[in-house]
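Chemist: First the structure, then my questions, so here it is.
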Amino acid sequence: LALWGILMTSSICLRQTDLKALIAYSSVSHMGLVTAAIIVQTPWGLTGAMTLMIAHGLTSSALFALANTNYERTHTRTLLLVRGLQLIFPLMSTWWLLTNLTNMAMPPTINLLGELFIISTLFNWSSPTIVITGIGTLITATYSLYMFLMTQRGSISTQFRLLSPTHTREHLILVLHLLPLGLLILKPALISGLFT
C-alpha cells in the first residue's frame, strides 16, 4: 500500500500547477518509501528510513524556503506565471538546481544513501518491488526537473522584471539546509548507524 502511495502521489505531482502543493505531494511520496521500509522491519530498512527522514526533512524544508522566496517577490505560486527567474536571480537558480538534485537523490547526497538502503531492503523482501520503486524514482526525477524548468527557465513575464533582490539571510537559510546534506555523506554513521 505504501508503494502504491508512492506512485499515486508522484503522479499527482506531475499534474500540479501550484508550487507549494507540488512540494507537499513530493514530501508525501518520499514518506511512502519510509513507510514501506519501516513496515519491512529490517535493520537496513530502519537505517534507510531514518536516513531518508532526516535527508528529506532538510530537502523539503529548503524547497519550501525557495518557494517562499519566489512568493514574497511575485505574490503567486502558479508555475506558469513564475517562469524565467534564472535571468533575474542567477544565484537563487543555483539553489533551486542543487535542491532539486537533492530531491532526486543524486550523488553525493545522503538522500541517495537512504533510498539505496530502502530500495535494496524492499528488493530483498520481494523482488517485484524493484519495478514499483524504479517507476517511483523515475517519476520523482521527472517532477523535480519539471519544477526546476518551470520556475527557472523560459521567458519571464513583463510584470516580474522589476523584483526586489534576494537577501543574505535567504542564502544563509539555504546554505544551512544544503550544507548538512553534503557533509553527512562524509560520515553517514552519524545518522545511519543507529540500527546496524
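Cβ coordinates are placed from backbone N, Cα and C, and glycine is handled just like the others.
Remember, predicted model here, so these are calculated numbers, not experimental data.
Pulled these from TrEMBL:
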DOMAIN    1-140  domain 'NADH:quinone oxidoreductase/Mrp antiporter transmembrane'
TRANSMEM  21-40  transmembrane segment
TRANSMEM  46-67  transmembrane segment
TRANSMEM  79-98  transmembrane segment
TRANSMEM  130-151  transmembrane segment
TRANSMEM  172-195  transmembrane segment
Chemist: When you check the transmembrane segment (46-67) against the transmembrane segment (172-195), do you get at least 3 Cβ pairs under 8 Å, counting only pairs 6 or more apart in sequence?
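Modeler: Output yes: the transmembrane segment (46-67) sits against the transmembrane segment (172-195).
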Chemist: Relative to the transmembrane segment (172-195), which of 21-40, 79-98, 130-151 accounts for the most Cβ pairs at distances under 8 Å?
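Modeler: Out of the listed stretches, 79-98 contacts the transmembrane segment (172-195) most.
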Chemist: Counting by DSSP secondary structure, give me helix, strand and coil numbers for the domain 'NADH:quinone oxidoreductase/Mrp antiporter transmembrane' (1-140).
Modeler: 109 helix, 2 strand, 29 coil
